[in-house]
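Features of the protein shown, as given by Swiss-Prot:
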BINDING   Arg16, Glu17, Leu18, Lys19, Lys115, Arg519, Cys520, Trp565, Glu609  5-methyltetrahydropteroyltri-L-glutamate binding site
BINDING   Ile435, Gly436, Ser437, Glu488, Asp603  L-methionine binding site
BINDING   Ile435, Gly436, Ser437, Glu488, Asp603  L-homocysteine binding site
BINDING   His645, Cys647, Glu669, Cys730  Zn(2+) binding site
ACT_SITE  His698  active site, proton donor
Amino acid sequence: MTTAHILGFPRIGAQRELKFALERYWRDGASADAERALVDTGRALRAAHWQTQRDAGLDCVTVGDFAWYDHVLTTLAHVGGLPRRFGFDARALTLADYFAAARGNAAQPAMEMTKWFDTNYHYLVPEYSPATTFGPGVEWLFDEVREARALGHRPKAALVGPLTLLWLGKARDGLADRLELLPRLVPAYRALLARLREAGVDWVQIDEPIFALDLPAAWRDAARPAYEALVPGAPKLLVATYFDDVSEHAALLKALPVAGLHVDLVRGDAQLDAFVADYPADKVLSCGIVDGRNVWRNDLDRSLARLAPVHETLGERLWIATSCSLLHAPVDLAHEPKLDDELKAWLAFAVQKTREVAALRDALAKGRAAVAAEFDAAAVAAAARRTSARIHNPLVKRRVAALTDADARRASAYPARAAAQRARFDLPPLPTTTIGSFPQTPEIRRARAAFRQGVLDHLGYLEAMREQVRIAIDKQLSYGLDVLVHGEAERNDMVEYFGELMWGFAITSNGWVQSYGSRCVKPPLVYGDVYLPEPMTVGWASYAQSLTTKPVKGMLTGPVTMLQWSFVRDDQPRATTALQIALALRQETLDLEKAGIGMIQVDEPALREGLPLKARDRAEYLDWAVRAFRIAASGVADDTQIHTHMCYSEFGDILPSIAALDADVISIETTRSNMELLDAFETFEYPNEIGPGVYDIHSPRVPDADEIERLILLALERIPAQRLWVNPDCGLKTREWRQVDAALAAMVDAAKRVRQTVEQAVPA
C-alpha cells in the first residue's frame, strides 16, 4: 500500500507551549526546576504531535523534527559540530550550552542567524574553520526514537543532510572551501545512522534542500561519493528536496544509492515527469503534493488526478507527503473561533494537512468512494473559492487592468523632485530622523489588551494611543531630530496592522508560526482581492503633525513586504496580488498627502527575501516587485518626499533594482558591518538620498556620540554630504526609552558636529 507521511510538524505547540516554556526557562536563569519543566513540555509536545499524525492515519511518525531552538543547531549538536569558540564538550552538551550557542553568553556572542532559504524561518549559521571536527554528539534523537516507540509509533527519523549542513555554514579562519570538511562530516553521519538502525529505525529522511539552488559543479559531484559512504550500515534513506524544481539534478538524484527521493510538487509540479521517467525500480518516490508553506485547503480531486498515473507506474513505491515540513504552517484550524465558517472551509493548517495526505493515500489505495466525504468537502470548498464574490472584486480587477507605465513613474525625475523638496522642507545638511517605531511600553501593551478584551472602549483606547504619540513627539523634539515620526504605538505588527484594515485580508487568532527560537509570528491571510475602504494612518499622522512644525513622516508597509510576510492566495499570480496591495497603498499615500503629510515612508524590508532561489527567475520577480513599489509611491507631487527602509545583510546584487524603486530617500541597516555594506556603492552610484544606519538597535548597548560620528564620517567617504541622512539601523520598537533617549541624543550630537565641517559643501 502507498505510504503517507509528512516531512515534519510544527514544534511550537497549538497554544505556543514551547515558546512560553522557553521564556520561563530563560527568565528563571536555567534553574534545575525550570529545565525539568522545559523538558517535560518538549516531551508532551512531541507525544501530542505524533498522536496527531497517527490519528490522521499516517503510516509513520516523523521523529527528529523537534528542536529546542533550531533544527540546524540541533543537527550540529548531533554530529558534534557546534562552533569551537564556545569550547563545549560535544557529548556532554547541556541545554544551557545549546542555548548559549543560540543566544550568546558572557564570553561569546550568539551564532549568526539568517533566513532558511526563501522562507520566513531563521536558522543559526554553522561556523566552519580548518580546525572544525565532527563526531558523536547529544543523545536527543535517540531519546526521541525511544519515546516514539514506547508510545507504539513507527518512527521515521529526519535529519538535515550533510551537504546542506555544510552549504548553510560560513567559512572562517582561512578555510578555503567548506567541502573540504565533507570527509570529516560523513563519518559522523554514518555513525549516527548506524545507531538509528540499531535502535530499530527503518527509514531516515535526509533533507537536502540545496538541490533546489543553482548548485556549483563541485557540490553536485560530491553528492554521490558522500551517499555511497553513508548507505552501508544505515537504515533506508529518503533524500528529501523541496522549495523548488530540482529536475536539472534528476539524473544525479536518481543515481544516488539511497532507497528513495522526495520532490516538492507544489513549488515544482513540472519536475514530476523528469523523475517518473526511468525511475529506478529499487527506489520509492515521495511526492509532496500538500502545501507545507501555505494555509489553503488542498483540491483533493486535482491532486488525485495528478497522482493517479504515477501510482499506476510506481504502485506502492509512490509515497504521498507534504511538500516540505509543516514547520511553516500554523498548527490547528480548530483553534480559530473568530474566523467565519466560509473562510475556514477554504483553509487547512498543519493538523488538517496531515489528514489530507492520508486521504490521498486512501483514495489511491481504495478508490475515491472510500474517502468521499473528505473529497466532496474539498471539492465544494474549491468551487466556492473560484466563484465567491468575497474573493473576487470586479472593481479591483478593473483598476489593476487599467494600470499603465505612467502610474509607476513620478511626475519628475529625482533632481527636480529634490529641488522642490529642499525648497519645501529647508532641512539642514545631514538631516536626522528615525525609522518609524518607538518602544512598545507595558502601558501600550496593557491598553491594547484591554481594548481587545472589551475592558477599554474605543474612545478610551484612542486617547491612550494619542497620549503615546504626544510623548513620542515631545521626546523627538527634545533630542533635536529634524524629521519626526508618530511612533506607531497603535500598531501591534507592521503587517498585521494594515491587514486588519484592508479588505481581502483576514487575521487569525492563533495562526502562529515559528520565526526562530521562542519568537513566533502570526501572518495575515490574503484570501481575496485587496481593497482599501478608508484611510488607515491619516488620523494618526495628522494628529502627530498637529503637535509640531517639523515634518512628520507618514509610515506604511510596502506591497512586497505585505506579500512576503503573509499567507498569500494561491489562485492568482503573486505579482497580481502585489499590484492590488500597491493600489491600496497608493490611495493611502494620496490621502496622507492631501492631509498635509509631506514625507511618506513605504518600508520594504522583505524585498530581497522574495528573491527566487534560482537566478533564472529573479529578473521577473524584481520587475514586478519594483513596479508594485512604484505604483504605491508614485502618485504624489514632486515636493512630497518618499522614503523607504530596508534591512539586509547584503544587497549589492540587487542595487540596480533598489535604485529603480526611485524613492527619494532610502535608509539601510549598516552599523554591524561598520559601514562595509556601503562598499557596494563604490561600484554603483546610487542616485538618490540615503541614510545608512549609525546606531545598532538590535543591541541594548547605547553608542556614544564619538562612535556615531566615526560612522557618519565613514559614510561620507562613499555618499556625498548633500545626499546623506543620519538615522538608526531600524525601528526602535524593541528597545527601552532609557536606551532610546541616550542613543538618539548622541546621534543628533554627532550629526551636528559633522554638519559643521560639511555645511559649506552642501548647496543651499
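Any Cβ shown, glycine's included, is placed from N, Cα and C.
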Given the binding-site residues Arg16, Lys115, Ile435, Gly436, which lie within 10 A of Cys730 (Zn(2+) binding site) by CA-CA distance?
Ile435, Gly436
Take the C-alpha atoms of Ser437 (L-methionine binding site) and Cys520 (5-methyltetrahydropteroyltri-L-glutamate binding site) and report the distance between them in angstrom, rounded.
20
Among the binding-site residues Leu18, Cys520, Cys647, which residue has the fewest other Cβ atoms within 10 Å of its own Cβ?
Cys520
Do me a favour and check the Cα-Cα span between Lys115 (5-methyltetrahydropteroyltri-L-glutamate binding site) and Asp603 (L-methionine binding site); whole Å is fine.
19
Spatial separation of His645 (Zn(2+) binding site) from Asp603 (L-methionine binding site) - C-alpha basis, Å
5
Fewest other Cβ atoms within 10 Å: which of the recorded positions Arg16, Lys115, His645, His698 wins that one? Let me know.
His698
Are there any residues at least 6 positions away along the chain from Glu488 (L-methionine binding site) with a Cβ closer than 8 Å to its Cβ? List them or say none.
Gly436, Ser437, Phe438, Met494, Met555, Gly731, Lys733
Among the binding-site residues listed here, Asp603, Glu609, Glu669, whose Cβ has the fewest other Cβ atoms inside 10 Å?
Glu609
What is the Cβ neighbour count of Cys730 (Zn(2+) binding site) at a 10 Å cut-off, with all protein chains included?
26
Given a separation of at least six residues and a C-beta threshold under 8 Å, show me what packs close to Ile435 (L-methionine binding site) in the same chain.
Val485, Gln601, His645, Ser667, Asn727, Pro728, Asp729, Cys730, Gly731, Leu732
Here the 10 Å Cβ neighbour count for Gly436 (L-methionine binding site) comes out at 26
Recorded L-methionine site residues Ile435, Gly436, Ser437, Glu488, Asp603, farthest C-alpha pair in Å
13
Write out, in the order they occur in the sequence, the residues of the chain not among Ile435, Gly436, Ser437, Glu488, Asp603 that have a C-beta within 8 Å of the mean position of the C-beta atoms of the recorded L-methionine site.
Thr434, Val485, Met494, Met555, Gln601, His645, Cys730, Gly731, Lys733
Starting from the Cβ of Ser437 (L-methionine binding site), draw a 10 Å sphere and report how many other Cβ atoms land inside it.
22
Span of the recorded 5-methyltetrahydropteroyltri-L-glutamate site, as the biggest CA-CA distance among Arg16, Glu17, Leu18, Lys19, Lys115, Arg519, Cys520, Trp565, Glu609 in Å, is 29
Distance from Cys647 (Zn(2+) binding site) back to His698 (active site, proton donor), taken between C-alpha atoms, in Å:
12
Nearest-integer angstrom distance between the alpha carbons (Cα) of Leu18 (5-methyltetrahydropteroyltri-L-glutamate binding site) and Cys647 (Zn(2+) binding site)
28
